[in-house]
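*Asks:* Below are the features listed in Swiss-Prot for this protein:
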- 15-42: coiled coil (COILED)
- 167-199: region 'Disordered' (REGION)
- 170-183: compositional bias 'Polar residues' (COMPBIAS)
- 178-199: coiled coil (COILED)
- 186-196: motif 'MIT-interacting motif' (MOTIF)
């Protein structure tokens, strides 16, 4: 097995590993959602909010892993084509030297930078390339939008058949431009609450 074939194998393996990490995040998101329901049932709105933030963070992280998995997979396909056509250049071979440790680290920013180098090599070979995303550092965020948290809390409360009484200051506006969807969601939640009171 040539070093390029070995690196091709590593790329494919990394894509699968990233996909596996996305699945783990999905599982964690479901666990956090179950905890939201329990906290709401006990009337612990603050605890429910923490679990909602965790759930959204896991969801976003999972999406990032999926995106990077697809990107690595696409690069692997291009490497496969280059190997098959015998178009592996010296500069491309140079890029793969740091690949092993980068892929094993599962660090999205480092993998993204490595994919950038690969994609640059393919552009110079006139192999058509399409970047799926900019570096993942822009999308990996530690903060969670409050309207997403509020919507998830309401969604979980509705699924659990409970009324969520959140003390929100009057006239409080959400983060820049509250969406029509969240307003509609609030109206639906209020209607559901009224229907429950009538029963």
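The backbone N, Cα and C atoms fix where each Cβ goes, glycine too.
These numbers come from a predicted model, not from an experiment.
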*Asks:* Residue list, the coiled coil (15-42) vs rest of chain: Cβ under 8 Å, 6 or more residues beyond ends.
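*Replies:* Those are 48, 51-52, 54-55, 58-59, 61-63, 65-66, 68-70, 72-73, 76, 103, 106, 111, 152-153, 156-157, 159-160, 162, 164, in sequence order.
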*Asks:* Let me know the model's mean pLDDT on the coiled coil (15-42).
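*Replies:* Within the coiled coil (15-42), the model's average pLDDT equals 93.
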